[in-house]
């Protein structure tokens, strides 16, 4: 049933392994994929992993730095695997405790772990126990609870309460007596006398006539109370309105252009922004000289006050944990409880970390990390620390926080080389354009950030062709043409041998986007452009026809880089967007290895203060790096991601 079972250290030394009968393929491929995709990327919250046709379950032993991995066919449903891997871990630890306590890789290699007989015995017991559980006989109808129910017990009234047998008879009698006019007064008396009962139990036990009378009285009371309640509240003073712009009066002012030029004056005739124009010229000069070379990284500096706040929070958490420990320990509280919280006397358990992890999870959600990902991150940290012996005079809160911080930095750091300038130069040497496709939902800033990236590439001496493949949104082509005109004015063709550094390739609206992209790439190859930036239409992740069109564009043109543009304001929606974009690209691709999202452009980063959780959500879901960060509205407001700066902002109190 099992394909393989292996036990190895976190240093990569295989201590013992087992391969099932008839299994010819080595287990190293699936295990290496598990290490690369899960363990090294801090994704150990879920203890299962799928690799091709195999399903892998794993367990971490943090005390002895061991990893237990079992692999079996994905189509099998083996219910005993979770308990079996726990039993193997405990049995292996107990038998070889002395050998495992000897630190050093050389000593582990020298030891001989004869575990075959114990493994087969535990496997036999697990399989037999699962068979015994699976053959449970079904109950007969008479043994079930349904057979005990009667028809009367299943009848429901209008109020939603099930009627008991005596209650049902009373309701029938009252319905027969209801046509008389006099009993209405009696019902009013009943309603008034049973007032406290109504308040406590709602409409339970009332006849339909009593419910109608009760609602009528409520309505009359509401009508009488509304006019008297209005004069009670005194009117609050109205806030003063800000000074409005004065309306300009157009008269016979002459035909002189100087008299008709109002760009430097306000409506009241005062001068407007003589200094601003000078600043604009200065900013323009800064733009022209600030984007050469690699992009600046996003910086975040913590002040001393913020660090003090963090320390105070940790003290609060320590005091809470010491209170709970003193309650559990009875009279041994006070100083002993505090020392127990500080001194590393024992290995960490899940119960020790529960309160701290819950606070960390709430903190991450408040910082805009998706709720599911916050839970997975905290579970991953718990599995990473469970069984680990704490250092002397270290608190649980500081240990958990440091582990979470390390995990977040590990997630944000790119798993592969991200150097677009180098990739463009490599494509340049092969005499072909480097193609980047931008995709994302509506209104996240694809065209704007495409123009920023164009400016950065131009500053580094490359020529850019913009392919206008957004043939759906009105004004999309005109927006790109405006950016092209502005970029060419910042870098005039005279400075580049009479050739414009940016050109726009467009075929108007209503055309096939994939065809336009293909023609643009061919045009760029013929005209020796260095980079092609493909702008696509914004689309919601649930729009199947538009997602199919995007998958077709990427599958036909095979761009060098597919960038997902997402805004930093989203929380849980980021998970849904990225999962469905990747799923659509995989479903509608015609190849066995479909092109998925290669990187992320995070926009509107300047609008979120320290709520930077969207960066964590996006990188955790895709496993792809954040290549660009948009931090403003001008061409030079483009940055690269600094993982440690983002994590420090995320952990800020």
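Glycine is treated like the rest: Cβ placed from N, Cα and C.
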Query raised in the report: Which one of 83-104, 105-126, 281-302, 303-324 shows up in TrEMBL as region 'Disordered'?
Result: 303-324
Query raised in the report: Which stretch, out of 227-278, 331-382, is listed as region 'Disordered' by TrEMBL?
Result: 227-278
Report task. Kindly report the helix/strand/coil residue split of the domain 'SRP54-type proteins GTP-binding' (625-638) according to DSSP, in that order. Result -> 0 helix, 6 strand, 8 coil
Query - Beyond the flanks of the domain 'SRP54-type proteins GTP-binding' (625-638) by 6 or more, those residues with Cβ under 8 Å of it - result: 283, 286-287, 290-291, 295, 298, 412-416, 418, 420, 445, 448-449, 451-453, 455-456, 487, 490, 561, 563, 599-606, 615, 618-619
